[in-house]
Each structure stands twice: as C-alpha cells, then as structure tokens.
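What TrEMBL records for this protein:
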| type | residues | note |
| --- | --- | --- |
| DOMAIN | 96-196 | domain 'Ig-like' |
| DOMAIN | 203-301 | domain 'Ig-like' |
| DOMAIN | 311-396 | domain 'Ig-like' |
| DOMAIN | 409-505 | domain 'Ig-like' |
| DOMAIN | 511-598 | domain 'Ig-like' |
| DOMAIN | 609-710 | domain 'Fibronectin type-III' |
| DOMAIN | 717-892 | domain 'MAM' |
| REGION | 11-31 | region 'Disordered' |
| TRANSMEM | 903-923 | transmembrane segment |
Amino acid sequence: MSVGCAGLLRSAPGRRRTGTDGPRCLPGRAAPGHLRSARARVERAPPAAGLGKVPLRPPRAGYVHVHVKMDLVYGLVWLLTVLLEGISGQGVYAPPTVRIVHSGLACNIEEERYSERVYTIREGETLELTCLVTGHPRPQIRWTKTAGSASDRFQDSSVFNETLRITNIQRHQGGRYYCKAENGLGSPAIKSIRVDVYYLDDPVVTVHQSIGEAKEQFYYERTVFLRCVANSNPPVRYSWRRGQEVLLQGSDKGVEIYEPFFTQGETKILKLKNLRPQDYANYSCTASVRNVCNIPDKMVSFRLSNKTASPSIKLLVDDPIVVNPGEAITLVCVTTGGEPVPSLTWVRSFGTLPEKTVLNGGTLTIPAITSEDAGTYSCIANNNVGNPAKKSTNIVVRALKKGRFWITPDPYHKDDNIQIGREVKISCQVEAVPSEELTFSWFKNGRPLRSSERMVITQTDPDVSPGTTNLDIIDLKFTDFGTYTCVASLKGGGISDISIDVNISSSTDPPAVEPAFLEIRQGQDRSVTMSCRVLRAYPIRVLTYEWRLGNKLLRTGQFDSQEYTEYPVKSLSNENYGVYNCSIINEAGAGRCSFLVTGKAYAPEFYYDTYNPVWQNRHRVYSYSLQWTQMNPEAVDRIVAYRLGIRQAGQQRWWEQEIKINGNIQKGELITYNLTELIKPEAYEVRLTPLTKFGEGDSTIRVIKYSAPVNPHLREFHCGFEDGNICLFTQDDTDNFDWTKQSTATRNTKYTPNTGPNADRSGSKEGFYMYIETSRPRLEGEKARLLSPVFSIAPKNPYGPTNTAYCFSFFYHMYGQHIGVLNVYLRLKGQTTIENPLWSSSGNKGQRWNEAHVNIYPITSFQLIFEGIRGPGIEGDIAIDDVSIAEGECAKQDLTTKNSVDGAVGILVHIWLFPVIVLISILSPRR
C-alpha cells in the first residue's frame with residue numbers, strides 16, 4: 001500500500017478490511033476518458049471493527065492481507081471499540097464542523113480576542129470567503145449576514161456554495177457573515193467573520209449664512225459658514241485652505257474652525273465672522289483617511305464672492321397633469337437666480353426616473369408614458385449655497401387595473417354555502433386613476449341589470465372601500481343562477497373597460513385528500529399498507545372509493561363513518577411494485593392519493609472527509625480512494641453490487657464496471673474503492689448506483705480532483721495551485737506583502753504589461769499560478785514570502801535518523817526589465833529562526849517558464865519557503881507553478897542542464913547537512 005492509502009486507513013480507527021480484485025480503471029492519455037485496464041480494491045469499514053496493522057505496500061491482485069497478530073492490550077482496545085461503536089451504530093456518520101478561510105483583496109486581517117475575526121477590504125474590491133466543512137453525510141452550507149438571510153444582499157448563486165464571492169463589494173455589504181453547516185446530526189456548526197468595508201466619498205462644500213441674515217447676496221459684516229462633508233470609513237480628517245494659505249484654528253481671528261457636536265467626525269465647518277474683503281477667495285477642503293487601504297485623499301474647491309447667492313427656479317407646467325397612456329409629456333424647469341450658476345436635476349418621489357426619459361438641461365421628456373411612469377416629479381436647483389430650490393408637479397396617467405370580486409353567501413347566517421331562499425352579495429372592486437372618473441354597470445348572462453327590490457346595486461363609500469360596487473340578490477331563487485358580469489370604465493373613454501365574470505350556482509366541492517403523493521421503498525416478500533384520508537368534501541354523503549394499480553382495479557367501496565381507506569399488500573413481488581392510486585369520489589368530482597411502491601435502493605452518500613484520498617505510484621498518474629456509505633441499507637433488499645461509472649471531466653462517454661458486495665451493508669459502514677491510473681492533474685466525474693435483485697437504485701454523482709496530499713509522510717507531493725486552499729500553502733506574517741493566486745483568464749484588465757506570465761506553466765489561460773504584484777505601492781526591496789505545509793519524514797530505521805533524499809522541483813517565471821530576486825529556503829522542525837538557502841535567481845529570464853531542480857536531505861520535518869523580492873520598478877512580477885517533491889534524488893541531467901548555476905546553493909546545503917547527520921547518528925541510542 002502506498003503511504004497515501006496508509007494514512008487513509010488510519011483515519012478510521014477500528015476498521016476491518018477485506019480485499020477483492022476488480023477491473024482497473026485506466027483513462028488513456030491518447031483518448032481521454034478511455035479505460036485501458038482495471039485494478040481496484042474494495043474495502044469496507046463497518047461501524048465496529050478490529051484494529052489491524054497497516055501494510056506498507058498495497059496487496060497485489062488475488063491476495064488478501066489479514067493481520068491477526070495482536071497482543072493483549074490491542075485485544076482489549078478492540079473489544080471496547082466493538083462495544084462502544086455497536087452501541088452508537090453510527091459508523092462514520094459525524095456532525096458537521098466548520099471554519100472560515102479568506103482570500104481575495106484584503107487590506108488587513110485581524111485576529112482579535114474572543115475569536116473575533118475582522119476582514120478589512122476596500123470598497124469595489126472582491127470579497128471571497130470560503131467555508132471549509134467536515135461531517136458525514138456531506139453537510140449543507142448556507143451563508144447568512146448578521147441575523148438574517150444574505151440572499152438579498154449578494155448573489156443568490158453563492159449563498160449555498162462553500163465559497164461566498166462578492167465582486168465590487170459596497171459599503172452596505174459590510175457586517176458579520178455567518179457560515180452555517182448542518183447534516184441532520186447534532187447541532188449545526190456555525191462560524192462567523194466580520195467584514196469592514198473602507199471607502200471615502202468626494203467631499204462636498206456648502207455655504208450658509210447665519211440664521212435670520214440670509215439675503216440674495218452676501219454683504220459685509222455678515223457671518224458665513226462653509227461646511228465640508230464627506231462620507232467615509234474609517235472617520236475622515238479635514239484640512240482647509242484659502243488660496244495657498246493653510247487655515248488652522250487660531251491662525252486668523254476672523255476664521256473659526258470647528259466640528260458640530262452632533263456630527264463629530266463627519267463634518268468640518270469653516271466660520272467666517274464679519275465677512276472681510278480678504279475673505280472673498282478660493283477655499284479648498286481636503287478629506288483624508290490617512291491612506292488606509294491605499295485610499296487617496298480627495299479635495300473640493302469653492303469660490304466665495306460678493307455675488308454668491310442661493311438658487312431660485314420656475315416650473316413651466318401645470319399641476320397636476322392628467323394624460324392617457326401612450327402620450328408624450330414634457331416638463332420644463334428654468335433658473336431665475338443663483339451664483340454660482342445652479343445645476344438642475346429631475347427626481348421622482350418614489351424610485352428612479354423611467355429609463356426612456358430624455359433629459360436636456362432643465363427639460364424632461366417622457367415618450368409614450370405608461371401607468372408605471374405616474375407620480376410626483378421634482379426639479380431641484382443646487383449650487384451648494386443655502387438650501388436647494390425645489391419645484392414639483394404630479395403626473396396622473398388614467399388607468400383601470402387589478403379587478404377582483406368576492407361573494408358573501410349569507411350575511412345573516414354562518415354558512416359558507418350558497419343556498420336557495422337566502423341572500424347573496426357579490427362585490428366587485430377595481431383600481432381606477434383618477435378615481436372620480438370611475439363608473440360601473442352590471443349584466444346577467446350578457447343582459448344589462450338595473451337596481452330593483454330583489455337585485456340591489458350600490459356603490460361603497462370611497463373612504464371605506466374605494467372603487468367598489470355591490471350587487472345584493474335577496475331571496476335567491478333557482479332562476480337567479482347564472483353568470484353575472486361587472487364592467488368598470490372611466491368617463492371620457494380612451495381606456496379599455498375591465499370586465500369581471502362571477503358564476504352563481506349550487507355549491508359542491510370535490511374531496512380533498514392526503515397524501516397527494518407518497519413514495520414507499522420496501523424489499524420483496526415484505527408487507528406494506530397504504531392509507532388515503534379524506535380532509536374535506538361537500539356534500540359529504542355519497543362518498544365512494546376505488547384502489548387501482550396502474551389501470552388494474554383492485555378494490556371499490558363506500559364510506560360509512562370512517563375518514564380513510566386502506567389497502568394492504570402482504571408480500572411484495574415484482575408484480576406488486578408500481579403506482580397505486582386511490583380515488584375518493586362524490587358528485588362534484590374526485591380526489592386522488594398516489595403511492596409509488598418501489599424496491600429501488602436509496603442513493604449512496606459519498607464520504608468527503610477521507611484523509612489524504614490522493615496517492616501516487618508513478619510520476620504522471622495518481623490513485624484516488626473513493627469512499628461512501630449507503631443511505632438506509634435495510635429499507636430494501638440486500639445490495640449485491642454497485643455500478644461504478646467514471647468519465648474524465650469535459651468528456652461525454654461513461655465507462656462502467658460493477659463492484660461486487662459480499663454480505664449485508666450496515667448503516668454507517670464505510671466502503672472504500674481505490675481508483676488507480678488516473679492522469680495527473682485531470683479531474684473525473686464518478687457515478688455510483690446500488691444494485692439489488694429489484695434492479696438499479698438511485699445514483700449519486702461527485703467530482704474527484706487531483707490535489708496535493710495534506711501533510712503527508714512524504715513520498716511525493718505536487719501542487720499546481722488549482723484548488724481553493726492552494727495545497728495548504730500560507731502567507732508569512734513577517735513579510736511586507738503577499739503572494740497572489742492568479743490565472744490569465746481572471747486577472748485584472750488593468751494589469752501591468754511587459755511583465756508576468758501570459759498563461760500557467762501548462763499553457764492554459766484558465767490554469768492558476770502564484771505571483772508577486774510589484775505595482776505601486778510596493779517599494780524596491782520589499783519581500784513576499786510563501787510557506788509550504790509542514791512535511792513529515794517517516795524514518796526507515798526506528799533506532800536512528802533517516803537520510804532520505806528528495807528531489808524538489810518547481811517552475812518559475814521572471815520576465816520584465818525590473819525583475820528582482822526569487823529565493824527558496826529550507827526550514828527544519830524546531831529551527832524557526834534558521835532558514836537554509838536552497839536556490840536563488842535574479843534578473844530578467846524572458847517571457848517563458850523555467851524549471852528548477854534541487855536535491856534536499858532533510859533530517860526531520862521541514863517546510864519550504866518561496867521569497868520574492870521587489871526590484872526597482874513595476875515591471876518585475878515573479879511567478880511560480882507546479883511545485884513538486886518526489887522521493888529520491890533528481891536526475892543528473894536535470895541538475896546539470898536546467899539548474900547548473902541557480903541550483904548550486906542546494907548542493908551546499910547537502911554538504912552542510914552531512915556532518916550534522918553523522919553527529920546525530922553517533923549520538924542516537926543503539927539497539
């Protein structure tokens with residue numbers, strides 16, 4: 001067994017293992033998706049099983065490895081495990097756990113006390129939060145914001161995904177985000193993170209006089225206030241200038257600068273006391289948030305003169321304006337005063353202006369107006385002096401809409417049925433604009449009706465129920481049954497009438513029954529009983545029922561006093577499976593209960609928490625440990641096999657084979673099937689279908705992807721940075737900036753030309769790589785450091801250290817006239833402050849990917865560190881891709897041809913580590 005599989009078996013303690021031979025799935029490289037051969041191994045982990053030693057190599061075809069050697073202690077542990085797991089009966093079922101990781105464009109990420117996490121981001125950037133979950137069955141994920149649903153605050157498509165992505169994030173989208181995972185076991189798992197959105201709006205300067213002194217112009221000995229306002233997060237700082245002169249509190253006796261108490265931090269006021277000639281000048285207000293998130297300062301200017309005056313306007317239209325749909329409307333607004341010259345804008349009291357609106361200065365035109373365009377339109381003149389001037393008019397579009405009716409069977413009796421000899425009231429309501437033009441007329445079977453002693457037509461008070469007319473039929477007779485029509489119209493015409501038809505007849509209701517549909521799964525030779533219940537029916541008398549299987553009549557009967565009817569099947573067989581319909585009938589119609597009785601097995605449940613599911617046995621292929629449990633295995637007949645279908649992602653053809661199952665599957669039992677000879681780094685779609693003697697059950701489909709093993713006992717490691725967690729690489733907290741995950745297809749359109757890759761190492765524009773962005777505000781010499789996961793070394797000799805060699809290789813891209821330095825370091829366990837240089841390169845290497853190979857000889861667990869150093873300019877992006885570590889030394893031709901200069905540092909590390917290895921070997925305890 002490879003090391004990856006060994007880790008897999010250790011993740012489920014107490015499993016018993018059985019091995020069977022099966023065909024081997026081998027997707028061919030020449031024809032993707034074709035299976036050249038088949039080799040697989042089925043492992044089943046029941047809820048209670050023994051602890052066995054894990055073999056170091058996989059068993060070959062035709063062999064079953066059974067380890068029975070066990071001392072007394074292991075025997076007692078095994079017995080205890082059997083008892084405990086037998087009691088719980090849950091197998092690998094586990095409640096959910098959850099944690100949130102972040103990516104995207106963060107300005108700052110703080111880990112506060114009491115597990116508070118704050119993610120700071122600039123408005124307009126992309127927020128990306130990933131919810132990592134474990135648990136079986138696979139937990140369902142839902143993102144929420146604050147205390148409610150987040151679906152109205154960001155894209156619905158991402159609310160139920162593991163990764164929540166909000167592009168162009170806005171300030172109102174800040175707040176606390178929760179990831180909730182639940183799978184029906186235990187309590188839901190919930191984690192949260194607070195998102196703080198930073199922004200700075202353009203400042204606005206407004207000018208006001210002291211209360212009671214406002215005139216059309218500003219005279220001498222008047223007090224003037226210049227108010228500067230800017231919306232921001234974090235709080236803004238203001239500074240004032242008069243011309244080129246910086247104004248500070250106390251620098252000029254005629255000037256006072258302060259913040260109103262009720263708007264502290266949001267507004268800065270410049271008070272000019274007893275206006276002087278030198279106060280007529282250009283004033284500028286600068287708003288700053290101290291460059292947080294690289295948000296630049298913003299400035300606004302205003303010129304104060306002796307002609308400065310607030311705006312005034314005039315509206316050249318009537319109020320209100322009543323029009324028919326389809327007409328064109330033009331509203332004209334002109335300024336009559338104001339300095340500086342006011343700007344004119346049109347607004348609507350509710351909502352935005354119609355999209356078809358044409359604006360030309362102060363003129364607004366709405367072509368082909370509709371009812372949705374009606375409302376109050378206002379013209380606003382503003383020059384930031386005093387209060388804006390506003391004039392409004394109301395547009396009324398004549399319309400009839402939303403006609404409805406209701407029937408009151410008998411106002412004097414508590415009876416919902418229409419009965420002869422009693423009173424019936426028909427009410428008809430229509431929304432009309434304008435309401436004073438609304439008129440009604442009534443018809444019976446197409447003939448006009450007039451109010452009489454038995455047919456009373458009235459109109460409801462508009463203040464009580466506007467737009468409503470009533471027809472009261474007193475002492476209902478059989479001849480009164482028929483169709484009554486209420487017609488609503490507007491005086492003056494031009495608008496289509498609305499007609500509402502109401503049918504008056506004797507009341508009957510067909511039976512309402514439950515269940516409308518129910519699926520029943522049951523194995524052969526077992527019994528099942530179906531029950532159909534009557535909820536309501538009118539008339540209740542003369543209720544009959546009939547049971548059918550397909551078109552075959554099974555049973556008929558009549559209800560006495562019971563409310564339900566049952567049909568039992570004592571022993572199911574192939575002839576008894578199908579759709580059973582129970583029809584319950586009265587004179588008004590029938591209600592139907594449907595039952596689907598089937599022997600189909602439930603769908604398997606894929607297990608997503610497999611420890612290290614990917615393991616490799618050759619350089620270009622990988623193997624995958626596919627695991628699942630069976631949902632409700634006892635519900636139907638014994639599952640005798642699974643049909644496994646597999647196809648390469650993007651292909652159409654499925655390749656199928658059967659996996660034989662011996663014995664009964666227990667609830668929670670973990671089944672393992674190893675897929676081998678899969679091509680790196682292709683993804684595959686896997687379909688699993690249970691088979692019983694009834695036939696096929698429900699299928700389940702999942703996608704398996706090639707990704708690097710998590711903290712393996714190292715035999716082989718490969719990372720192309722394609723998965724969301726970038727193979728557990730992390731950013732160093734001590735550097736100046738971070739490495740960025742990037743693909744050519746998703747990169748920013750404003751990227752710096754003449755530097756960086758135009759595709760990933762394989763030539764794909766959709767593939768990902770890691771790179772350092774050297775654009776501003778990065779400075780020369782600043783460092784970005786990327787840390788690999790910690791790799792554990794399994795000693796070959798239990799009484800001494802290992803001297804295993806590994807070939808470390810990666811691809812690097814260094815193109816641009818300002819390329820700095822790329823360094824790689826080796827950090828051993830326990831030496832957090834000592835980093836051994838492995839490899840280094842600097843300068844422009846051209847628009848291509850280069851490969852580096854280095855031999856490393858770690859004596860304990862280790863990490864690899866990629867360090868990118870910014871060069872003298874912005875054209876200095878450095879990228880890495882396809883990082884690999886394989887057991888054994890690199891081929892000599894790789895070291896000499898591709899890394900003869902840059903790789904020399906790695907050889908020095910080997911020489912430096914040799915005396916350390918010898919010394920530890922001498923000091924280690926002997927057997």
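Backbone N, Cα and C atoms are what each Cβ position is placed from, and that goes for glycine too.
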Worksheet entry | For the domain 'Ig-like' (511-598), mean pLDDT (0 to 100) | 89
Worksheet item: What are the DSSP helix/strand/coil residue counts across the domain 'Ig-like' (409-505)?
Response: 6 helix, 47 strand, 44 coil
Discussion item. With CB pairs under 8 Å as the measure, which of the listed stretches 311-396, 409-505, 511-598, 609-710, 717-892 comes out on top against the domain 'Ig-like' (203-301)?
Written reply: 311-396
Worksheet, complete the sentence: Taking the domain 'Fibronectin type-III' (609-710) as reference, the highest number of CB pairs under 8 angstroms among 311-396, 409-505, 511-598 goes to 511-598
Worksheet item: Quick one: DSSP breakdown of the domain 'Ig-like' (311-396) into helix, strand and coil?
Response: 3 helix, 49 strand, 34 coil
Practice prompt. Pull the DSSP breakdown for the domain 'Fibronectin type-III' (609-710) and write it out as helix, strand, coil residue counts.
Written response: 0 helix, 52 strand, 50 coil
